[in-house]
Amino acid sequence: MDYQCIIVYTVINIAPPLLAAEATEFTDGCVTWFKNKIKRAVAVYLQSLKLTPNSGILHGNLACMYYKQGFIDLAIETYRRAIELQPNFPDAYCNLANALKEKGLVSEAEEYYNGALQLCPSHVDTLNNLGNVKREQGNIKEAEQLYLKALEYFPNFAATHSNLASLLQQQGKLQDALMHYKHAIDIQPNFADAHSNMGNTLRELQDVTGAMICFENAIEINPTFADAHCNLASIYKDMGNITKAIKSYENALQLKPDFPDAYCNLAHCFLIVCNWDDYNDRMQNIVTIVEEQLENEKISSVHPHHSILYPLSNKLRREIAKRHADLYTEKVNLLNTITFKYPTGHQGRLRIGYVSSDFGNHPTSHLMQSIPGLHDRSRFEIFCYALNTNDGTTFRSKIMKDSEHFIDLSGVPCNIKAANIIYKHGINILVNMNGYTKGARNEIFALRPAPLQVMWLGYPGTSGAKYMDYIITDEISCPSTATLDFSEKFAHMPYTYFVGDHSQMFPHLKHKYLVQVDRDDNDNIHNENAAVINASSNINMEEILEVVQSIELVKYDDYKPIELEIREISIPNYVTDLTINPEQIQVLVKGTTIYNGLSISNYNKKIASGEKSFDKIIFTSRRQYGLSDDAIVFCNFNQLYKTEPGVVEMWMNILEKVPNSVLWLLSFPAAGEPNLKKFVRSLELNNCDFRVAASQLNALGCPELIAKNRHEYEEIAIKLGRDTN
């Protein structure tokens, strides 16, 4: 725009006498240009062309107006006329190239960019824009050279600093990218795009606070900047503030309705908090978006890890993963000049490397923390590569202690350096425990530092990657008939690939005693199957409490008898105070402390999570949780986003048909609980008018006439119709 302003004033200054009277109009044209009064500016230029029809500069400026209005074809035609009238007009060549690129005519656009540079090698707009073309074509080195050349001629060109930063970010050179984004903002403080893009870089560097500030600055500068709203929403989502994330995604979509990234992320947020309004329509929209994006060879707006939540075919899920895998391959190919070579033979122990960002207080470690120490050291040498920092938990320390080699790669942000470290260790089999989950660094695997690379545990789907050879699974999870749904070969475990470490995390739960409590006025003993005592193996319960009964049960597994002993013990009735008073953490019985199970879980999170084992006696009763002694308890302890309306409706049908039954779910996240309860209430009667009628029937003492669904409505009507009495 600065160049166009100069051109307008130049025309005014060099105008022939016939145009002198029109000078004011030219000035108005320039001013209205910057006030976005495009139509008036066009009228001024058209009027001026009547006076000087052979002015290349005026045609060039008019073409800029057409371009700004979105009349690309008309702009192209007018730029061509400007060049015809004034062949040595580099601005017109550059602007024509911009318009041709907008139309998708990239090859012709390149010709005109090169034409502009032949006329003026220091034409920085052309150097910058041609650099953009080269970057989009994957010619990273050429693009970088063009950007650097533009900055050599014009060091204060903010747009080029921003473009170069984006290129460096694409290559993983995040600190260099950050430096150029800062230069761009120093030069042009109101450069909203640079603020937003710098926020994305800081997000990659795990600087959440800095990223949020950048996105907020971008929005303050340009409140209609949809991408910045979307980026801010993603930060809120990462932080677990789903309510704010939803609001920001909605802002982005209001500004830019055709915004697949914002729509798909908003849909995922709705799943997290069980907002199932318009659920079926939203699911179908997701499928349509994914199909269109993949058909057009684009990266899907649905992340591979989220694809299982939507009604997508396995073929689509594999293609989503493949596009992401290809992106990692392209990313490392831009930088990597090293080809790892592996020895043909193998001697000595087999070296296994486990790579994960979840070595710490994370479900993955909860499941496998004992695995490194369970390998046969005479045959295997175990390396664990942590992509996350030490969180100080015993989960982390146990894996560190049990691994023969534990290497923290969180301080090695360069993927090439990290891959080199792994390669130098001579790893034979490298295990990817992240897949596409949070914290993954698939670029390391794309570099292939090991001859054999496998998927295991952390991610249940296919990687879609050529650089992943096997997925460790089992015949039930991934039957042999499903090979077309996976890019990897199947390495089937004999029973299940899934592991669990609960026997190590909660050893006290292995020793269970049913409780008899003296509860009535006649001191009669009653079986209290609704209460249990758990104790660690180092405690002899028989020395503390009376063992009333011992029952031996036999179960059969693969036709081999297993003896299971269930013991019942009698406890004094005052122990039930633990149930009545949840604030009471412990009581003494014969000099031995018995702890309130509910209070311990609430009071000591490390014991509750299994991070710290409990070596005392715990008393737990249904009454602590407000349950009747004979209630049937159904449980689902997954995060709420893993359920869906049809499943919850099925659960409600089960509760309805099983007397005295309850359903336990995690309030995870808390924001999902009210939405889930709202949905359950809506299952009874969806229409408010029906609820009013139900209220009236209840008040009239006729609750038997209230139908919960259409089936019940029919049954009631038929029953009444057949009852002649």
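Glycine is no exception: its Cβ is also placed from the backbone N, Cα and C atoms.
A quick note: this is a predicted structure, and the numbers were derived from the prediction, not measured.
Annotated in TrEMBL:
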- 56-89: repeat 'TPR' (REPEAT)
- 90-123: repeat 'TPR' (REPEAT)
- 124-157: repeat 'TPR' (REPEAT)
- 158-191: repeat 'TPR' (REPEAT)
- 192-225: repeat 'TPR' (REPEAT)
- 226-259: repeat 'TPR' (REPEAT)
- 273-686: domain 'O-GlcNAc transferase C-terminal' (DOMAIN)
- 688-724: domain 'O-GlcNAc transferase C-terminal' (DOMAIN)
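Tertiary neighbourhood of the repeat 'TPR' (226-259): same-chain residues 192, 195-196, 199-200, 203, 208, 211-212, 215-216, 218-219, 265-266, 268-270, 272-273, 275, 669, 671, selected by CB-CB distance under 8 Å and a gap of 6+ residues from either end. For the repeat 'TPR' (158-191), residue counts in helix, strand and coil come to 27 helix, 0 strand, 7 coil, using DSSP. Here the repeat 'TPR' (192-225) has Cβ contacts under 8 Å with residues 158, 161-162, 165-166, 169, 174, 177-178, 181-182, 184-185, 231-232, 234-235, 238-239, 255, 413 of the same chain, all six or more residues outside its ends.
Across the repeat 'TPR' (158-191), the model assigns an average pLDDT of 96.
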